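These notes are about the structure you will find just below.
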Amino acid sequence: MKAIIKSRLFWPILVLMLILLINLFFDSSFFSMEIRNGRLTGSLIDILNRGAPLILISIGMTLVIATKGIDLSVGSVIAMSGAIGAMTVASADGTGLGPLLMAIGLSLLICTFVGGWNGLLVSRVGVQPIVATLILMVAGRGVAQLITGGQITTVYYDPYSFIGGGYLLALPFSIFIAAFVFLIAVLLTRKTALGLFIESVGSNPDASRLAGINSKNIMLMVYMFSGFCAGVGGLILSSNVMSADGNNAGLWFELDAILAVVIGGTSLMGGRFYLTGTVIGALIIQSLTTTIYSIGIPAETNLVVKALVVLIVCLLQSPEFRRKVFGFGKVKGAGEQKGKEGATLL
Amino acid sequence: MKDLLKVKGLLVLLFALLILLAACGSNEESGESSEPTDNNSEQTAADNEEETDSDTGEEENTDKAGEKLVIGFSQVGAESEWRTANTKSIQDAIKDAGHELKFSDAQQKQENQIKAIRSFITQKVDAIVFSPVVETGFETVLQEAKDAGIPVFLVDRAVDVEDDSLWVTFLGSDFIEEGRKAGNWLVEEMADEEGPVNIVELQGTVGSAPAIDRKEGFEEIIGQDEKFSIIKSQTGDFTRAKGKEVMEAFLKSDGENIDVLYAHNDDMAIGAIQAIEEYGLKPGEDITIIGVDAVRGAFEAMADGKMNVTIECNPLFGPQLVELIEQNFAGEELEKRIAVEESMYTMDQAEELLPTREY
């Protein structure tokens, strides 16, 4: 029992469960799923489906943060990716897959490239990550607006809708994309030495370099990966509504992604990182949004409710806070007490 | 640091000098303005005589009649097809009338808009046109414009400011009336229904005039009959993506109980239609869908039988606006509230009208 509670994932998972349970309280059919038109539907599926872009982007962000960096540009890269994707297929007709593949290829290539640009600024030029990515945060949205001419571009090319709105094996396709990228990231960082390299660069870049790790290339790589993830997320978001919106697509996503990483237990100081924690963090944020919509919280109090829950999660994450409030050593009782508190606050 | 202060001091001096020069310029202009410039010069001359004893600000305005004006236009953003059409109409009308346009996109942020208006004031434009992102918080910047003698024209959205001398006129749709129209249509359509009729509402951006007024007008009408009830109401930020996401959550929590969707704009309705289809219901049949704006996408949806009605909110009032600005500079008194002509379109008319829609 103690081992479970001590696990980094315990608190985030507990909060996620709590949020879902609160839903059950308001709507008894919240956990039920049914097959409609050969598709599995239900609120849980919705959360996974809507959360997929955030999960993807947060995975990229986790690796960047693990190297003691930060990537503020992901929101803008989302807008760029959606704009490039939608504009590529805007003039396409019929059902041929050519334009779709071209849109995906072009978006991902450019997004990886601009991620690499961030990486170059950080690793080779030595610009601080927050400044380097801030440049692209501003410029990227500008580029997206330039591509779409500042207008919302609607896509009438059906295959494009598959990325964010398609179904595979009765499940939304975006879930598979997120799961695939997550698995790749986990395999690469946990089954090879890459994860260790990233953690060591985050802890101390100079020591890592002296130990024979190519710190610069590791940094370059994580920013490229973050750009790639944002590109995929952008395609999903744009394809889901079949339009490109340079102004609003991915707005504030960077903040949600950073939040997801922090909730997941990765420190902003770099070093150790927890990909599974990040995914749970992203799911917490998405469940919260869905909860707010489905239990009928008045529109003008949305953000306050969101902030309150995030505050509670962050406080629970802090061992210092837990020790002070719940007392040292009485961890088991504290869990129950906390449960009640969370419910009344909501 | 001291050097920096010196430089700043010099800059201030330079600015003061510029302002002085500019003031001189306009005085000179007023001296020679009696010369006829074009066909409405007669009127100008007449106005000049009438207003010789009024304050200098107005005199300055009068002198600009018929001249090329520099007009600053701060738009809300490009959140919907409607807005896009509106932007284009105003931009084209200003350029076609031979005036110079300075355009600024606020991207849904008030701070951007205030910045834009301040920059218009420093650039000494002749008139400022703007659609406020939200209703409140513009007192200071409007006062600054007034102090600078620049007339402000509100378009599409109003501000909630007590002193109505801060702007010349507000040209825009009557959002409360639009809400009432939507309510009336629903009451008529559901006249034979036994009820209860469960309505879900997708609100616009929290705090914006159309969101507040369309809600108010709609509730005013449906509140008169007890069989109607709004079971869920949430903001969809006027965007397709949000409209879809929120509708998805509504469907999961209330599902088949939902009879009517009232969306504060068509783009949210279009997003919601996608969500309803994915859920496995028939939009337009299982759920009656009411939108506002009458954008092209709504006509396409109605032609496909997926949407029932859209209340027009006419964005093509650029020419009307330019006319009003010119009238103001010609010295005419304008009413504080001028409404745009609008109507309502149902599913039956959609197919016929679709090719004629400009936006």
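Each Cβ is built from the backbone N, Cα and C atoms, and glycine gets one as well.
Listed ranges A:72-91, A:292-311; the one TrEMBL annotates as transmembrane segment is A:72-91. Recorded stretches compared: A:9-27, A:47-65, A:218-237; the one with the most Cβ pairs under 8 Å to the transmembrane segment (A:167-188) is A:47-65. When Cβ distances are compared across the two stretches, the transmembrane segment (A:97-117) makes contact with the transmembrane segment (A:218-237), since 3 or more pairs at least 6 residues apart fall below 8 angstroms. Counted as Cβ pairs under 8 Å, contacts with the transmembrane segment (A:72-91) are highest for A:129-147 among A:47-65, A:129-147, A:218-237.
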